[in-house]
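So that you can see what the record holds, here are the features copied from TrEMBL:
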{"type": "COMPBIAS", "residues": "B:1-20", "note": "compositional bias 'Polar residues'"}
{"type": "REGION", "residues": "B:1-58", "note": "region 'Disordered'"}
{"type": "COMPBIAS", "residues": "B:21-31", "note": "compositional bias 'Low complexity'"}
{"type": "COMPBIAS", "residues": "B:44-56", "note": "compositional bias 'Polar residues'"}
{"type": "DOMAIN", "residues": "B:206-581", "note": "domain 'Myotubularin phosphatase'"}
{"type": "BINDING", "residues": "B:Asn331, B:Lys332, B:Met333, B:Lys334, B:Asn356, B:Ile357, B:Cys418, B:Ser419, B:Asp420, B:Gly421, B:Trp422, B:Asp423, B:Arg424", "note": "substrate binding site"}
{"type": "DOMAIN", "residues": "B:387-434", "note": "domain 'Tyrosine specific protein phosphatases'"}
{"type": "ACT_SITE", "residues": "B:Cys418", "note": "active site, phosphocysteine intermediate"}
{"type": "REGION", "residues": "B:616-645", "note": "region 'Disordered'"}
{"type": "COMPBIAS", "residues": "B:622-637", "note": "compositional bias 'Low complexity'"}
Amino acid sequence: MLSLGSGGGKSAKPSFVSYVTPEEINSEKDTPKEEKHPDLLPGEVVFCSASTVLKLTQDELSQRGTFGTLLCTNFRVSFISDEETGEETAPLFKNKLYGENDIPLSCVDNIYGGYEDKRKLVTGSQVKNKYPSKIIIHCKDLRVFQFALTFCKEEDAKRIFQGIVHHCLEPKSLKNIFAFSFCENTAFPEMQMQQRTMMFDSAEDWAQDLKRTKGSCRLVTENANFGLSPNLPQYFIVPESVSEADMTLFQGKGLPIWCWSHHSGCALFKTSNLPLQQEDNVPQSYMEKMLTAVAHNYLYSVKTEDLSDTLPTVQDIQLSYSKFKQFFFIDSTTDFWVSDMKWFSSLDNCGWLDIIRQCLQKAMEVVECLEKENNNVLIMEDGGSDLCCVISSLAQLMLDSYYRTLQGFQSLVQKEWVAGGHNFLDRCNQLHLKDKENVSPVFLLFLECVWQLLQQYGPAFQFSETYLTVLSDSIHVPVFSTFLFNSQHHRASILRQADSSHSQRGTLNCPTVWDWSVQFDCKAQQLFINPLYAEKPKLDKSMRRPHRPKHQRQLSLPSATFKTPPKKGFFKDETDSLKKILRVKRISRWMLSPDSPQPSSTSREFYEAWQRKPLDYHGLLLPCLDGPAVRIWMQRYLRWIQEVQIFGGGLVTVLSKVSDLLDEVQELQRQLDRHSSSLTSNHQRPRPRPISAETDSRLSVLLSSSFPFTTLKNNWSYKPAIPTGLLQSLMNSGNLADTEDDDQESLVRA
Amino acid sequence: MEKSGSIDSLGSKRSSSRQPSVDSLSSASTSRSDRSAQAKPPSAMSSDSVATSTELSPELRVRKPACHVLRDSSKEEPQLLPNEIVQDMAKDVTYICPFIGPLRGTLTVTNYRLFFNCIDRDPAFVLDLPLGVVSRVEKIGGASSRGDVSYGLVCKDMRNLRFAHKQMDDTLRKSIFEVLMKFAFPVSNGLQIFSFEYGQVFPENGWKVYDALTEYKRQGIPNESWRITKVNDHYELCDTYPSTLVVPVNIPDEELKRVAAFRAKGRIPVLSWIHPESQATVTRCSQPMVGVNGKRSKEDEKYLQAIMDANAQSHKLFIFDARPSVNAAANKMKGGGYESEDAYQNAELVFLDIHNIHVMRESLRKLKDVVYPNIEESHWLSNLESTHWLEHIKLILAGALRIADKVESGKTSVVVHCSDGWDRTAQLTSLAMLMLDGYYRTIRGFEVLLEKEWLSFGHRFQLRIGHGDKNHTDADRSPVFIQFIDCVWQMTRQFPAAFEFNEYFLVTILDHLYSCLFGTFLCNSEQQRVKEEIPKKTVSLWSYINSQLEEFTNPLYVNYSNHVLFPVVSLRHLELWVGYYIRWNPRMRPQEPVHQRYKELLAKRAELQKRVEELQREVTNRSASSSSERAGSPTRSITPVQTFV
């Protein structure tokens with residue numbers, strides 16, 4: 001067992017010692033001298049600890065494990081093994097903030113107390129003097145920890161149990177979140193990475209994105225100090241004809257916010273639904289006005305889609321996910337093989353994959369409107385910052401290859417989610433509130449959908465599956481400003497308060513999650529890059545598949561009105577635009593009865609028509625949603641489960657090979673450049689180093705499918721996982737099973 | 001001079017690396033999917049890409065970019081193979097495609113294939129399938145009011161085809177489907193299977209791929225514990241076994257006969273594989289004839305003891321009975337049964353719970369219902385679960401895993417049997433050998449594995465597949481071999497770099513399992529093949545495959561050498577083989593971006609290496625010859641290479 005992130009905090013910030021005086025620590029516990037400490041992060045304080053805690057291995061039947069110290073700080077629950085661990089086996093993919101035996105407090109999903117044979121969910125309040133013999137912690141990143149307290153001193157055991165329960169489950173105020181004490185004590189240099197990721201907290205970023213997509217809308221800067229409405233972002237873009245008065249009328253509700261412009265000129269907008277008011281014409285006429293404004297954006301057409309009506313609610317999403325995730329908290333081998341029997345139907349029944357499918361389907365319908373019909377699209381939703389964010393960002397990913405680059409994707413999340421006002425704080429329940437009504441993994445759902453696209457069209461994405469998995473984990477690392485606030489206004493007001501109370505230290509500078517160097521070193525960050533990514537070829541036409549003229553494929557298209565979107569700057573002919581003008585009259589009808597969910601047959605046709613064209617990884621991408629195409633995000637969900645690790649296998653074995661080859665190619669390229677320059681300078685260069693892929697490929701054989709999250713260490717295990725339990729019982733063996741097999745004589749031949 | 005060479009290299013590369021591999025390199029996933037859709041008959045191999053593309057699967061054909069090829073009017077008719085003769089042709093036949101809708105075109109039937117061609121569409125639509133895949137032909141309904149007659153073709157390769165044509169005015173004229181029926185079921189109609197007529201000559205003779213003695217020699221046999229016996233030279237000991245058998249050294253041939261008397265169909269335990277280090281062995285046989293009275297055989301007991309003794313590392317022997325224990329017990333009623341641990345000292349009996357051929361057949365039938373023609377989105381996983389197909393796959397893989405684990409980790413010899421030892425036993429031994437021995441994970445090694453464990457040991461291909469036989473309800477038919485290939489595919493998914501062959505190789509094997517183009521999968525046993533002179537009269541599938549290995553090679557193959565592969569047999573890691581079972585559905589876009597990308601990078605590397613070398617030569621030349629005149633040589637105009645990697 002490896003100890004937690006040893007080097008990370010230490011090397012970067014030597015100053016942390018001064019903030020946690022030894023006195024403070026001593027006051028928290030009885031026996032400070034014997035206990036081990038993790039390398040605390042700046043601003044991290046140990047609350048309590050207990051020694052001789054036994055961390056059990058996954059299989060609960062074997063009571064084997066490692067002895068060590070369990071402690072709870074204001075950042076994490078941490079276990080430090082008593083065993084000496086070889087520093088040389090430091091994992092390649094190490095998180096600087098927390099190690100493999102650390103659980104950030106916000107990452108705790110559920111705590112169970114193990115009492116003899118029973119297991120009880122700990123809810124917090126009932127903890128008084130009792131403490132269980134075993135603490136079982138389920139983490140939001142799907143890890144499972146089991147700590148036996150039976151060998152601890154009673155006092156220690158009680159204290160650590162209460163401490164963990166208190167700090168992980170009891171509500172806390174935002175200011176007590178670790179990020180604030182961490183950031184107070186750390187100076188983060190401005191990251192280069194950040195500069196390339198557009199944060200959408202300035203007018204320039206919005207202007208740039210609008211310009212990039214050649215949109216023709218209006219950038220609003222009047223809300224920079226939230227003068228218009230706290231519900232609106234600091235900067236945003238609206239259709240040209242929306243007036244300032246319109247923006248304030250309903251505190252920003254009902255206001256169509258620009259998301260993205262299609263090259264035809266039509267654009268995608270999102271809005272939150274107006275509050276329902278009975279017998280009042282104002283909202284309706286306001287809405288008609290807004291719709292007209294949207295329609296004016298391009299050729300007088302608009303299509304609305306009320307996501308609240310057609311997609312699962314945030315509560316549905318939460319319910320489904322809470323069922324789904326349970327399949328991955330495996331307590332024992334027996335558990336694993338028993339649940340294996342009904343694996344497919346369990347997955348089906350929790351509905352999580354179906355929700356993913358519905359979101360992708362909806363996004364595809366939006367794409368269809370933009371791409372095929374060149375309609376402006378206005379998606380709406382009660383809050384305007386949950387499914388609107390999911391659908392608009394998915395649609396943009398499908399339509400715009402810029403967002404499939406690493407920086408583009410991060411910019412997209414900034415634009416649609418962070419600036420777009422997704423309630424990260426509430427949805428992720430960073431404050432451990434007991435009232436879970438607002439909790440819902442909406443952002444995770446989005447990442448799930450992105451993963452589906454990624455696994456279907458690998459070469460289209462610059463970032464890797466590992467990147468998405470790490471991003472999903474980072475939601476629950478309470479350090480990043482990205483996931484701590486409900487909106488830009490919320491963030492601004494909190495930071496202002498914090499600033500005033502700590503004015504002597506200057507402004508708080510919480511890192512964003514995009515500052516990956518906070519968590520990973522450069523080498524580890526390389527795993528974020530997808531080696532399959534086919535970068536946009538520029539001039540080198542000869543290597544590229546000739547692009548055939550698109551009209552060739554149109555004959556087979558079902559709809560006569562379908563025109564493959566022509567190049568940028570192309571305008572539709574007259575008759576077409578007349579048709580669009582006629583449509584504007586129907587807007588009000590759409591308003592009253594929102595579009596019934598489109599019959600999937602039309603989007604089927606859209607998909608099939610698209611599919612018949614040659615695939616262009618830099619063009620439009622549409623997901624295949626047929627049963628087998630929507631899959632489980634194996635890396636995220638199965639990475640900690642011993643039984644499903646493929647030793648020496650998994651996609652990583654080939655991806656690492658591709659990576660190696662990619663490195664070679666780049667190295668050759670550098671050599672080539674060197675040589676061409678040496679031709680001018682006429683310097684002799686050493687011969688290129690012979691490329692030895694052999695040793696590298698050997699290594700890939702030693703990886704496991706859970707790479708990089710679990711490493712094989714020294715115990716390259718040859719022991720396969722053999723199913724146990726009642727295998728035969730699951731088959732509803734009918735008559736056929738009893739038929740004498742193989743024996744032709746015994747059968748009556750037909 | 002040199003500079004122009006280096007610039008040309010980009011363009012000339014494509015043409016010089018010839019043949020279809022270039023296809024897959026340049027035209028992305030579509031071409032790969034097309035190829036994996038259906039094996040092209042080998043005649044196409046030598047001809048140009050035009051012919052190649054006509055052989056592709058029908059539905060996938062639609063989105064094949066190279067459609068201009070099909071406008072060629074000569075494509076009205078199929079490219080015939082040697083000795084293939086057109087038997088009938090009908091115009092104005094409607095193929096009711098479940099994905100595109102009705103298509104009107106020309107239907108041609110030869111003694112080998114069905115060929116439907118619709119040129120009204122752009123791109124033209126072609127359906128080209130060997131008659132061997134047809135399981136049954138049925139007339140659907142009578143003559144309707146519109147005078148249409150409709151025929152349904154149920155195929156062995158997971159699809160059903162429906163055709164309709166106008167009622168013949170001339171009632172004496174036979175419908176083309178009657179002609180089709182005649183040639184689809186040659187065995188039932190007293191005709192010869194097409195393999196016997198097809199006379200294509202290939203550069204390599206696939207019948208030479210497997211030689212039992214060579215293979216045993218590779219394994220180090222004979223050795224001090226195992227010998228090769230010729231007792232079955234004339235198939236007298238056991239008519240379903242090969243002539244070459246490996247048995248323990250200290251059991252004389254006379255005793256083998258007495259052991260044979262105690263084993264069903266005389267299939268005595270013989271060696272399949274021996275561990276190169278521990279000498280633990282995999283042996284296979286049929287069930288012992290224990291019967292209700294618990295009969296024993298001294299010779300059989302001694303024989304198993306000899307198998308155990310041949311391995312000094314372990315004093316235990318594991319007997320894996322592939323069946324569920326209930327079925328094994330039920331076999332006692334018919335004289336069969338299983339080894340009692342009382343009679344066989346030091347032996348441990350393990351039941352692997354794999355169901356019989358009838359259960360498997362039914363499971364595949366259900367699977368077809370679920371995936372063809374359309375997949376219901378909403379309850380896909382529950383529907384999949386209800387077919388139990390992957391559960392069966394799991395049990396088979398789990399059984400093989402336990403065998404491999406015992407041999408590798410436990411250094412213990414194992415005996416594997418089911419009832420007759422030619423279905424489940426073949427699955428288990430061959431899969432375990434695939435896990436244990438990297439040789440079988442090469443293309444030639446895999447061919448040897450099939451020749452050995454399946455063909456020579458008498459998996460009854462003729463009965464299980466029903467080549468040319470119209471009796472589609474025959475209870476002896478069962479997808480045992482398909483299951484095995486599926487298991488292999490599951491392993492290739494889990495270890496994408498461990499196998500020399502690719503998915504297309506596996507699909508090709510399954511396609512020619514039915515096609516009746518090659519003699520490889522004809523007959524039920526080695527004895528029958530010898531008697532029918534199959535190697536003399538037909539072409540081997542391996543001739544075709546080995547003559548164009550590049551097509552079937554996994555570019556990412558890494559020699560794992562001595563690594564034993566232990567696949568994960570949890571359903572969490574098993575998935576439905578979309579590229580085979582759902583390949584007719586055009587919505588499922590098969591993709592191999594990793595292979596694709598790797599090949600692109602390999603090409604890129606080769607190109608860069610070449611350029612670097614050229615530059616180096618130039619640098620050396622210059623510094624050697626004219627070190628005095630430098631600066632701004634006019635000949636130097638190397639354009640930097642655009643990397644898009």
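Glycine residues also receive a Cβ, built from the backbone N, Cα and C atoms like all the rest.
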- [ ] Drop a 10 Å sphere on every Cβ of the binding-site residues B:Cys418, B:Asp420 and tell me which sphere holds the fewest other Cβ atoms.
- [x] B:Asp420
- [ ] List nothing but the largest Cα to Cα distance in Å, as a whole number, among the residues B:Asn331, B:Lys332, B:Met333, B:Lys334, B:Asn356, B:Ile357, B:Cys418, B:Ser419, B:Asp420, B:Gly421, B:Trp422, B:Asp423, B:Arg424 that the record says bind substrate.
- [x] 21
- [ ] List those binding-site residues among B:Met333, B:Asn356, B:Cys418, B:Asp420 whose Cβ lies under 8 Å from any Cβ of chain A, in sequence order, or write 'none' if there are none.
- [x] B:Asn356, B:Cys418, B:Asp420
- [ ] Give the sequence-ordered list of residues that share a chain with B:Trp422 (substrate binding site), lie 6 or more positions from it, and have CB atoms under 8 Å from its CB.
- [x] B:Thr240, B:Arg267, B:Ser286, B:Phe457, B:Gly458, B:His459, B:Arg460
- [ ] Determine, from DSSP, whether B:Met333 (substrate binding site) sits in helix, strand or coil.
- [x] helix
Task: Integer average pLDDT (0 to 100) for the domain 'Tyrosine specific protein phosphatases' (B:387-434) - done: 97
- [ ] Could you tell me which of these binding-site residues, B:Asn331, B:Met333, B:Asn356, B:Arg424, has the greatest number of Cβ atoms within 10 Å of its own Cβ?
- [x] B:Arg424
Task: Summary of DSSP states over the domain 'Tyrosine specific protein phosphatases' (B:387-434), given as helix, strand and coil counts - done: 32 helix, 5 strand, 11 coil
